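Colleague: Pulled the feature table from TrEMBL, pasting it below:
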- 82-230: domain 'PRMT5 TIM barrel' (DOMAIN)
- 248-419: domain 'PRMT5 arginine-N-methyltransferase' (DOMAIN)
- TYR274, LYS283, TYR284, GLU346, ASP373, MET374: S-adenosyl-L-methionine binding site (BINDING)
- PHE277: site 'Critical for specifying symmetric addition of methyl groups' (SITE)
- GLU389: active site, proton donor/acceptor (ACT_SITE)
- GLU398: active site, proton donor/acceptor (ACT_SITE)
- 423-578: domain 'PRMT5 oligomerisation' (DOMAIN)
Amino acid sequence: MTERNKLSIGVDLSSQDFDLVDVSKKSDKILQSFSFISVPLSYEFDVNDQEEQFQPTFSDSYLDSSVVSTRWFGKLSLFDCSRSLEYLYEELQWVNHIRLPCIIIPEDESYSIEYIKCINTICSITQSIVWISLLLDENTWKRWNTLRKTLGYNLNIRPLLILQNKEIEYNLLSIWRAENVSGVVINKSLINEYGKIPRSLEIFIQSLMDFDIAIILKGYCCHVKEMQRDVKYFEWLKESRMKISRYEETTIPYRDQIEIPIQPLSENLESIVYESFEKEPFKYEKYREAIIMAIQDKSDVFSKSTPLNPFKIVIAGAGRGPLIAITLEICKNFRIEHKTIIYAIEKNPNAIATLKFRKNKEYWNNVKIIFDDMRNVHMEKQIDIVISELLGSFGDNELSPECLDCLLPQVLKDDGISIPYRYTNYIQPISSALLFTKMIVEQHSFELPCVCNHYHYQPLSSPQQCFRFEHPTSQINHSRYITLSFPMNYDAVIHGFSGTFNVDLYKTVKLSIVPNEHSPEMYSWFPLFFPLISPIEVKRGDILELKLWRCETKFSVWYEWLVTSPVLSRLHNAGGKYSMSLQRSH
């Protein structure tokens, strides 16, 4: 089992309680207990002294530059920005000179224009990460959101939450899971005589520890033993959380990573993509269950089958052959392999080469390989079972309906079985400042749905059903339209919508990536994210109305989405600027 990252825990050392020159000389000893040290960069500024020059609280000559540039964090002075810009410049030049990795800015609750201009100045002068201190209460997120709206989304500016000795409703705190929180400051006064903080704050901190935040201890004067005791307590707090599941372990590298959805119909997939699909054990075990049940239900057919009149199965979109191998093994266990024929349909020439190799080397004597687009295959309704794995993150977004509804009427018997036989997609509004910021930085289009393993996010309402497709069906129109209403559970900012799906393979055998019913340990699909060009602010109790279209021409398929309440958004992806092509790859 892969361990989570080690707890990053620092100590805030004030110039009133510690001789920072002495601290700098003994830095190595202090850092044996802490990941980093947070220190004021200068002594308290006298706003009445216009001639006062910047004076650092410590000397870099006592420190190893490799330590300063990684494990010393600097706190900027609390001053009147409008009267001390020159002092600020000197302080920031010092930051750049010694290459501090992070600077911590005090909160100005007035959020004056001068304060915001100061932060912009800081970000333009220094390359250090900026943490903005925020005293945590019921209105903190609103203040942070106001500040962010003015400053813009920036990966280098992160909130640092200062805990107070207050009980705060957890629902008001959970929105911070959607923010790129840097850490939490905990004053010694919050820790009781038993070395613990209130349970409600424990729960809050543990929830943020999922994101490997920093913990900063403050107010200890020179009580080194107490600091060491409390370090162990917070390390225990992190370790005492539930062990990560196999799913979490496997998906760690993909957290909040933005990926462009594949288009297996119009593009030929590479070997590495097939390999990633085939490494999913849970999905294929469920397919195995479904195939066994389907063959059992067809016992009256295969009992009458002969080598000259065989039981017939189609694997539609066979890829490199994982479902072929499973189906052959099942047929062997039922002792019907000698009177069964499997048609493997595949249009990727590179995958065809692999299938031919496996057919020869693995003695797939009863497998017939068909190199063609499944939409062009005709077998006069001879097939007993058709098996496919054509689903994407939103179920239908890899054009399974268009493919299967061309194939099945031409090949499947009237009493034949399709695996899967039904899939349904769902959508819900989410807040994720990190994802929105990354899309800006990485220059992703906000009109192109993208695949993302959401991690730094907060769902704002429960998922609701969108579109359902069943096979076989007589319905040939795959266009869809729906209006959904979501009650908002939080004051928040909506950055987009998370699309998921579930699929019924056969009878009770089901797979799902829908929240609260996600198949355990399955990582074949991550949600499809429908971004908003302009984030929408909502209040707790608001009703958010979303309109979603699945549009289709003979050339392509695409989604369009529009928010109509509480405000009107832009119509996203109008006319299919980004679409899924129905044209076959060459």
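Including glycine, each Cβ sits where the backbone N, Cα and C put it.
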Colleague: Please report the number of other Cβ atoms within 10 Å of the Cβ of TYR274 (S-adenosyl-L-methionine binding site).
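Modeller: Its Cβ shell of radius 10 Å holds 19 other Cβ atoms.
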Colleague: Quick check for the class: what is the C-alpha distance, in angstrom and rounded, between MET374 (S-adenosyl-L-methionine binding site) and PHE277 (site 'Critical for specifying symmetric addition of methyl groups')?
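Modeller: Checking the Cα atoms of MET374 (S-adenosyl-L-methionine binding site) and PHE277 (site 'Critical for specifying symmetric addition of methyl groups') gives a distance of 20 Å.
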Colleague: State the three-class DSSP label for GLU346 (S-adenosyl-L-methionine binding site), counting H, G and I as helix, E and B as strand, and everything else as coil.
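Modeller: The three-state answer is strand.
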Colleague: Taking only the residues the record lists as binding S-adenosyl-L-methionine, namely TYR274, LYS283, TYR284, GLU346, ASP373, MET374, what is the largest Cα to Cα distance between any two of them, in Å to the nearest whole number?
Modeller: 24
Colleague: Quick one: average pLDDT across the domain 'PRMT5 arginine-N-methyltransferase' (248-419), no decimals.
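Modeller: In the predicted model, the domain 'PRMT5 arginine-N-methyltransferase' (248-419) has a mean pLDDT of 95.
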Colleague: Return the count of C-beta atoms lying within 10 angstroms of the C-beta of TYR284 (S-adenosyl-L-methionine binding site), excluding that atom itself.
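Modeller: For TYR284 (S-adenosyl-L-methionine binding site), the count of other Cβ atoms within 10 Å is 18.
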Colleague: In angstrom units, rounded to an integer, how far apart are the Cα atoms of TYR284 (S-adenosyl-L-methionine binding site) and PHE277 (site 'Critical for specifying symmetric addition of methyl groups')?
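Modeller: Taking the Cα atoms only, TYR284 (S-adenosyl-L-methionine binding site) lies 10 Å from PHE277 (site 'Critical for specifying symmetric addition of methyl groups').
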